Each structure stands twice: as structure tokens, then as C-alpha cells.
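Novice: What TrEMBL records for A:29-206 is domain 'Heme-copper oxidase subunit III family profile'. According to TrEMBL, the transmembrane segment annotation covers A:39-59, A:71-92, A:101-118, A:138-162, A:183-203.
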Amino acid sequence: MTQPSLRHAGINLGGTQEDPNADAESGIFGFWMFLMSDAVIFALLFAIYGTAVAATAGGPTPRSEFKLDSALIETLLLLTSSLTVGMGVLAMKYDATRRPVFAWMGVTLALGIAFLFMEWHDFSTMFSHGAYPTRSAFLSSFFALVPLHGLHVLAGCIWMLVMGAQVLAYGFDTRVKINILRLSLFWHFLDVIWIAILTVVYLQGHVS
Amino acid sequence: MQTAHSPIWPGVLGRFTWHDLPFVRAWENPTASEMIGAAAASLVIIGFVVTVTLLTRHRAWGRLLEWVTSLDHKKIGIMYVVIALVMLSRALVEAVLMRMQQAAAVGDPGFLSSDHFSQLFSTHGSIMIFFMAMPFLTGVINYVMPLQIGARDMAFPWANSVALSLTGGGAILMMVSLVIGKFSTGGWSGYPPYTGLAFSPDVGPDYWIWAVTLGSIGSTLSGINIACTIFKFRAPGMTYMRMPLFCWTSLCTSILMIFAMPPLTVATALLALDRYLGFHFFTNDLGGNMMNYANLFWLFGHPEVYILILPAFGIYSEVVSTFSSKELYGYVSLVLATMAIAVLSFTVWLHHFFTMGQSANINAVFGIATMTIGVPTGVKIYDWIWTMFRGEVRFTVPMLYSLAFMITFVIGGFTGIILAIPPLDYVFHNTLFLVAHFHNMLIPGLLYGLLAGYTYWFPKAFGFRLNERWGRIAFGCWVAGFYLAFMPLYVLGASGMARRTHEIFQPDFRPWLYVAGFGALVLLAALAALIVQLVVSIRERDANRVFAGDPWDGRGLEWSTSAPPPEYNFAVIPHVDGRDPFYDGKRKDGYYQRHVAYGAIEMPRNSISGVVIGLGATAASFGLVWHMWWLAGLSMQLVLSALIARSFVRGSHRTISAAEVTATEHRWHAALDADRPTPRACELSQRNTGLAEIPA
């Protein structure tokens, strides 16, 4: 492999930055590109939601279904988890012992799971009102957009467990570090998407 | 009561019935149409059995496994091209069948049922785009681009293998649809609500959805991989403006893939939600809106056109410059034109549905944007012409394809301008005029380009030149066949003949349909000539070896290695100080510098997990098509497990020892020393052993 001469500004591979940066540079860069194409998917689902939000076909409407209080709690859970995942990465950079990394990542995982439970609760409340995705185009587009974000969070939680197992197996070798960095990027990305969901779906639904 | 139409064992086999086998259908209803279906299914089965037998007899399973688990960008590239050529053969035969049907069906039902005819145009389009064009160009980029930028592999060799197996899985699904069940009748664009549950409850659209989805996920991965490789793995001194033009077009194509494949994934996923879970995105009732599908699909579909065409533009740039022995004219303008096309390609998707109810002003904006793309494309044509001007043009097969392209593509461009004018599009849309137009763009703009690239780089990949005579015959047939098959369609389209017509009631159309049918046969002959060329070339390989690696007096770094290149490509990563580093370098003394000893090199080890993921995803898709939920569930778990297991693998690289590298390099240098340099006049003779003579 050629050794790229630049160091990636965002890579906290080690306190002194003397670890092999070559793999990290392309590895992280490639992950950014993946996030970009994932962002396109979400952007399109937002667009579809925008065209379908009025197509309630006489069924449940945004105003009747969306609860701002649970959306607020979910937002706080996710934003806090973004802070803790960031702290976990900093702990990996400056400490590189297992305990603080596990502690921060454990908190992140717990917040992620709590978010998923809250979201599931929201969905089952909607189902109990007869707000199924099969009811109207509005609900179809809602249930394509928001649960897809939820599935991403679930994938992030599974990924976190896998990374925990890898830390136990290999310690903090370069691949583990790169993958934890990617995981944290992924997690922040989900935060960004959630902010858009909060704005476009929940807040807009409430004021409309 | 059990009939051929009732599910056999719903818990296990889902909705499969005996009637889903084309043999049973042909037995019950022995019409020509059903017999052709059964024969096609038999061909798939026979092909499979013959392949398995040959592999067993030659004890080649180990070598096959060695290939499919390889992470070497060169092997992956070759496998992509093999998929493309196999799928090309099938889709071309389907095209011939359609032409024969239309020629036979003037005032007559013809020999194909309308349902069968619809399946044929759906598979023909889907295969040609997703499983011929996409794997072909991805394969060529995979093979050539890392060599051109002086890299040893792609940025993500393992993701490369996953992308290949996903694409291969989609192709397998297309082949399976010939044997079990039937394919969609909704065309390659699969417009709902027709492809929704209400109008197409059968398995056809599901085959289309999952095959295309596998292909599009594979292409997204490839796009990320290609772009990252070009951004991060260029050899020292290979600045952006020194990259060969093929790398520029690969970069633009890969960026288009990253942004344009997700809309397709969204379109097929939402259509799947409609069909499987009763959502209402594109249905006629409860607020569904099929215009969302049209927008999503063409938001992918138009950039896709440039995903297909840009790599061919890159190949023409390489070929024209090499075979004119001249520096590429207007390099900077070609780069800018490529980037301009890539950006503009996202601004024109609406011209695919001018007639679907937008206001005239919106149509005007998109019509003008469409015509704007003609400007950078025109710049490119002039640049290639100026490259040839006062050059020493050698009319080799790749050069012939380039010349045929320039003339034919310009004609296609003119008809594109006609279609870009909304009022005219109202007249021509949905007629054979459109069919003629896009074949007029894609056959010269994609197929000729990739065939030129195939002929041009084949000696690099396999170490011997392709037979020139059969290459010229194939070229002649591809060009004559194209004009015969598609020029009549312009006339027919302008006379009002609708596309996808199963039966024709206008006797005046008959002569044109005969000519087009004859043209299709000539195209089939072109494919046959291509196969003969390959067989003849393999037989005569020892007389045409070019181990020294530079049969065409090439310009880029890819020619500076042996043919075929060693696994590690470059024993020493080259330093680049200009636009044609190898062409200029070998004109200075001591370019082929032999080192006394070389260092050890790390290369990725083979991995089975990519194949497991690809085949798992294919099995899951098959399960979803047939509602075999257990199969879908188990296969998805397999995919997930393979993904997680791979992330635990350490030591995924093996070291090629310094001694081995030194021995390989010294063997090559010994050949270089022994070779007699070939003057350009003899480059098509057996004297060409791959060492170019440098004229004084």
C-alpha cells in the first residue's frame, strides 16, 4: 500500500498520533463516503414524507399522533448518548485502558436501548389508535422514515456489543480503534438525522 | 384438490406450484412461446450442469475457489467482466427474439405470447443495464484504475469482494427466474402501480426488485471503493491533473454511483414495502402517488446514463491518444467536461417524463438543462478529433471502435436534442424513436467503449494479444448490425409505432421491421465473432505473448509492469512527474531499472466471507421472492454472522517475501533484456513481444 502523507485531522488513534495513520486515513474517509450515501437515502425519505404528509386519506393525522413530550425525551437520550460516545473515543485516545472506554460505551449503549424502547412505545401507542402504515400514504412514509432511523440505532447497538467483544479479545489494536472511530461517526450521524426527524416530523406535525 | 396451480408445501416452499416450472407449462400448453421458455430454462440447467462437470473433471474447484475468494483487484475485475459477457449473451439473444417476434407479428399474433414478450423486454433492459453494463465497467475500472495510479490494490479489497458477490448474486437471481417462476412484465424501470400488488400479484416484480437491489447495493459499495482509492492511493507525484483521463472518468462515475444508487435502493425498497407489507407509497388508493416512484427512479436513472458512459469516454481518451502516438489534446477541457457532465447529470431527470403532468415551465427548464449536457460532450468529441489530428493514427480494433463511436454517438446526440424539446417529446415519447435514441447512445457510448477497452487491456491482463482478424470481423458486425437494427426504429418511431408492441397492425411497417430483424441477427453474429476471437486467441496464445507488458507503446503506468502484472502490481511504487509518466519515462535512458534486491510486500489474503455474504443475500432474496420466510430469515442471519465474523479476523494480510519479489522482478527484467523492441509498424504481428521500440 502507498502511505498517504496526510494525517486525518479527526483521527484520535493515539495521544502522540504516531500510530500508523495510513489505514486510518482511507478507512475513515471511506466511511464518511458511506455516511454520505446513507444520508442520500434519508434525504429521499424526508422528501417522500414531505409529499405524503397531507395524504392522510381520512385517517390519523400528524397532529393526532405525534407526542412532543416523548419526542423530547428521545431527543435528550440521543443527544446525551452522542456526548458519551465522544467521551468514550477521547478515553480511548488518552487513556487506552478498558475501564473508562467500557464505562462510556456502556452508558451510550444503555441510552441507545432506552431510546429504542421509547420509540417502540410510541409506535405501539400509534398502533393502538389504528395508525398502521397500511392506513394511508402519510403513515406509510412515516413508518419508512422513522423506524429506518430506529433500525440504524439498533444496528449501532449491535455494533457496540461486537466492538466490546473485540476489545476483550484484542485490546485496542489499530483495527479496533478505527472501527470504534467509525462507530462514533455513525452514532453522531444518527443524531443529526434524528434532529431532522424531530424538526420535520414531530415539530412540524405539531404546529401544522 | 391438488392442481398444478396450488402451492405444494406452503410452509417450506412458499407459493411455489408445479405450474411455476416452464417445463410443466410447456407440457400443459405446448405453444411455441412456452416451448421457447422451456428451452431457455433447459439452457440454464444444461449450462450449470456442464460447468459443474467440467470443473469436476478438470479438478478445478480449488482454482475456482481461489478466484472467487480472491481480494486481488485484478482477479475481481476479470470476474466482473466474465459476468458481464455471460449476461450480454443472454440479453442479446432476448433482443433477437423480440426483433423476430415483431417482424413476424404484422397483422398476426406472432410466435410469442404477449406475456412472454413483456418478460423479454423487461429482462433484456434489466440485464443490459444492471448485469451487463454495470459489471463490465466496474470490472474494467477495477482492473485498470489501480494500475494507472500506481497503487497495489483498491482501498477496501474486502468490500470489493462483497460488491462483486452481490452483483453476481443479482445475476444468479436473473438466471434462476428463467427456470423457476417468471420475470416481471413491467419493463426495466418497473413503474408502479402496474408492478404493485394490485396488478402484478405474481413473483415477477419481486424477482426484479431483489435482483436490482442486490446490484444497486453492490454498485454503491464499488463507488465508495473506487472514489476512496483514487482520492487516497495515488502514487507520489500523481496529482489530480496528472491522472490518466480514465481515472478521472472513473472518479466521476464512482461519485455518481455514491449519490445516484441510493435513490434506486429507496425506490425498490419502497416498492417492496408496498408489495410485502401493504404500504401505500405508489398504490392508486389511500394517498399513494406513483409520481414519487418516477422521480426516485429517474433521480437514479439519469445519472446512471453517465455512470455508464463516462468510463467509456475515459477508455476512448486512452485509446485515441495511444494509437495516435500523441498526447491527449485538451486534457484540462476533457477533465472539466467530465466534471460538468457529472454535475449536470443530476439536473435533468425530469426529461424522462415530460408528458406526466408538470407545468410547461418546469418542462422548459429541464429541457434546456438536458440540451446543456450536449456542450461538454461536444467538447470531448472535438478533443478526440484534435488528438488524432497530425498524429500517426494506427487503425487497430480499439481505434476502430473509437472512430465508429465518434460518428454514431453524434447522431444519437442529435436525436437526443430532438427528444429534449418538450413539445417534440410529446410526439415521440413512448415510441420506437426513443428506443432507437437510447440504443444509439448506449451501444456506441458504452458497448463499443468497453469492447475497445477489453481489446486494448486484454494483453495486459492475460499476457497475450487478441486475434486481430476476428476482432475486426466482430467490430464490423457490431457497427453494421447497430445501424441495420436501430436506424429503421427511428423511422418506425417517427411514424408512430409504440415501443414494447407485441403485435403490429400497420402493414407499412413490415419492411422496416425486417431490416431491423436482420440487423439483430448481424449483432448476434458480432457476439459469435467475439466468442470465436476469444477461442482462437487462447489457442494461439503462445505465438502472441507480450510478457514485457507494453504491446501498444502505452502512456500510463499500467503498461510499465509485466503482462500479466504480478500480484503486487509494482515492486517499487513509482514516482510520477508528468501526465504520461510511462511514455515519457521510457524515452529517457534507464527507465526499466533493475534493482539488486526488492523489499517484502504485504497483500490481502483470500477471504471466503465476501462470497458467503453475496450468496446469503441471494438466498435471502430468493426466499423473499417465493415467500419462503424461513429461508429468508436464516440467510439474513448468515449474512449478519459472516459480517461480524469477518470483523474479528486478524492477520488478513500475507507477506510476499523479498526473495519472491526479487525473483519475479528479475525474471521480468531478463525477458526485457532478451526482447527485441517492436516498431509500431509491426505491432499487430507476432514480432510484438511487448517491448516498444523508441523511435530516435
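A Cβ is built for glycine as well, from the same backbone N, Cα and C atoms used for every other residue.
Heads up, TrEMBL stuff is auto-annotated, nobody curated it.
Map the listed features onto the structure and describe their local environment.
Specialist: The average pLDDT for the domain 'Heme-copper oxidase subunit III family profile' (A:29-206) in the predicted structure is 95.
Residues 130-131, 135-142, 144-145, 148-149, 189, 193, 196, 200-201, 204-205, 208 of the same chain lie 6 or more positions beyond the ends of the transmembrane segment (A:39-59) yet place their CB under 8 Å from a CB of it.
Nonlocal intrachain contacts for the transmembrane segment (A:101-118), taken as residues 6+ away from its ends with a CB within less than 8 angstroms of a stretch CB, comprise 70, 73-74, 77-78, 80-81, 84-85, 87-88, 91-92, 95, 150, 153-154, 156-157, 160-161, 163-164, 167, 172, 180, 187.
Long-range Cβ contacts of the transmembrane segment (A:183-203) within its own chain (Cβ-Cβ under 8 Å, at least 6 residues beyond either end) map to 28, 31-32, 35, 38-39, 42, 46, 49-50, 62, 66, 68, 71, 74-75, 78-79, 81-82, 85-86, 88-89, 108, 142, 145-146, 149, 152-153, 156, 159-160, 163.
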